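If you check TrEMBL, you get these features:
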ACT_SITE  432  active site, proton acceptor
BINDING   147, 186  FAD binding site
DOMAIN    29-141  domain 'Acyl-coenzyme A oxidase N-terminal'
DOMAIN    283-447  domain 'Acyl-CoA oxidase C-alpha1'
DOMAIN    492-654  domain 'Acyl-CoA oxidase C-terminal'
């Protein structure tokens, strides 16, 4: 097995640049780490320590492996996790934490995060008694088969069928056309024995829409495809290549009626259909994944920024022509543009983490309700998770790519670490719903809520910050931002600005839709502005949730008799102000077109942003260290905690050469296979004798 991060001589050594940077941080980093991770910090560290005692969990070899070898290595890690789960009696939550601590992805994630939760939310209590122990003890391995070759986000148009056969009390599963084959499910191609397959329920010739079923796809013992099952691997992707995404065709495969998942909808022995209270209950797993993506976007961006910021404090470049530098190069973090890029991205990462907390709490409450048959929160959770998933995955990946570019040539290398983090996270832009479609789902929910309120004259269901948009045409025109040039901009002022922006966009969209008849065609005509509405809604949530998290933490600190003006809280307040101002400036036109923010106020916002970035200069190393990421999780030569960038790049390259595949004669790969003949032909043409061996 490979070593953890190719080892360097004198492992206790840290470069002086990072030591001096950490000495300038104004707050105890450990206290901020505890705030970020809360109750999960202790189990995360305990589990990570257990993992990093076993070399099977090293990620050092990953930059040099083929896709096939990466897949096998990921299975080795998965198998060891199963062994450790049983030996250490890990809970379900412990297992999820362990997978997050790996710094790598395994097919097991699809089993633990999608398949098992689907069994828990979709199987009846009686069905769970049969199937949950099999899944939890790895007698079976499952995936989530919903997306088809020709349909992804539009679930209503899925074509896979499950036809009830009353004579035998079975369902017959079919993917009747090439368009209907399941396409993209992770862990489907090679790993899984079973899948939760979503298919159209056909009873007595009538189509009752899409429902979940449990389908066995591989035989025990041999792992060969079952009769009527065709499976395949989709090959290389941009990233996430440790996961075997695949396709599935099903031809006349019979399953017992008891393998329809019947917690919500049911089919009796007589073929009678009993519908769910809410059809969206069948998609609770998908909603859960969207909710997790919001939080994960913040941490994935945090990983990339940890690498980029540490590297920027070690790398020296330019500045030697500035007289005050006396011919010495400067740290690239001290170049204004580098600091601007990384600090504004860092503020975004923290904002997403705070909103991820809110989203996960909403999901937990909703999941508890769904299991008990209550669906009151479902529409709001579905809509909120959709828009936030779209917004945060777009923003996170864009800022991760910018962080990669900020690292220059070493950022382009897989050993730099950001490439793997970015290409793995890029899937979040597409999985569980294409982002434009998700934005439209969020705005449709908002508009339906608003249109219903207009009809009934009851605004209680409308978010408080949006009610002004419905109270007369002149209300928004009379509002003005309370930004005072020369003074810090308060959270209340910035929150109000984002509410105003959202209300303005909402008012425009509602006016146009009502003008066009308020139906589906009217909404179709307004799609561009509807996407903007969802984005403004999500960005407002990022701002509000950041400030609300700080206010809540301040109350906690004060309640303990501690001084909230010291420690990490003042730094978080600066970060929240920076995030909000930067987002405002990024879409300044939305705030100035109706005169809400003046040109003079915009000028001050730019100046204040620069002040905050400068004020955070010696805090940012502490802010990234607080993410509490191990070197194995980052898997980066340039983002190491000790800052030994150049030694690590050299040792990692040598390690890679040591495990590379050799040529057919034991020499350099490619020479005996190809280059030998090319060079020989060149010598022949030039009349040069062959070299003596």
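Positions of Cβ are set from backbone N, Cα and C atoms, glycine also.
The shown structure was predicted, so the numbers you read here are calculated from the model rather than taken from an experiment.
The structure, with features from TrEMBL marked on it.
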residue : record                       : contacts (Cβ under 8 Å, 6+ apart)
147     : FAD binding site             : 182, 183, 184, 185
186     : FAD binding site             : 107, 109, 110, 114, 143, 144, 240, 243, 244, 245
432     : active site, proton acceptor : 286, 289, 290, 293, 389
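For the domain 'Acyl-coenzyme A oxidase N-terminal' (29-141), the model gives a mean pLDDT of 95. Counting residue by residue with DSSP, the domain 'Acyl-coenzyme A oxidase N-terminal' (29-141) contains 88 helix, 0 strand, 25 coil.
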